[in-house]
Amino acid sequence: MTQRLRIALIAHDQKKDDMVAFARAHEQALSRYDIVATGTTGGLIQDACPSLNIHRVKSGPLGGDQQIGAMIAEGTVEVLIFFIDPLSPLPHDVDVKALTRLGSVYDIPMALNRATAEKLVRALD
């Protein structure tokens, strides 16, 4: 049995609505993959897209970013879609840098904004 690709979905507070809209627009495509998301983002997506089975980890500031980073390092998350808000001060900026660094170290496809995420999901489909 082949394992399904696992995609991580994360969004900063000011980008959560955009992530929900993205997930809703691509619900059919995303349903073919295992989805992991940080707590609040995952809950919002699950409410908007009930057909998606989302594994929720802790909220980002409570360690969810690190949990997903560990999954990247273990090879159990193969794609990262992280809608970053570049205009808001990030109190957990170190966590963001650590997560995107791991995405680069382990050479996984990574989208940090909706335009790139749109292209990435179409390429996976």
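Even glycines carry a Cβ here, placed using N, Cα and C.
Some features that Swiss-Prot has for this protein:
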{"type": "DOMAIN", "residues": "1-125", "note": "domain 'MGS-like'"}
{"type": "BINDING", "residues": "H12, K16, T38, G39, T40, T41, S59, G60, H92", "note": "substrate binding site"}
{"type": "ACT_SITE", "residues": "D65", "note": "active site, proton donor/acceptor"}
T38 (substrate binding site) to D65 (active site, proton donor/acceptor): how many Å between their Cα atoms?
7
C-alpha spacing of S59 (substrate binding site) relative to the residue listed as 'active site, proton donor/acceptor', in angstrom:
8
When a 10 Å sphere is centred on the Cβ of D65 (active site, proton donor/acceptor), how many other Cβ atoms does it contain?
26
When the number of other CB atoms within 10 A of each residue's CB is tallied over all shown chains, which of the binding-site residues T38, T40, S59 has the maximum?
T38
T38 (substrate binding site) falls, by DSSP collapsed to helix, strand or coil, into coil
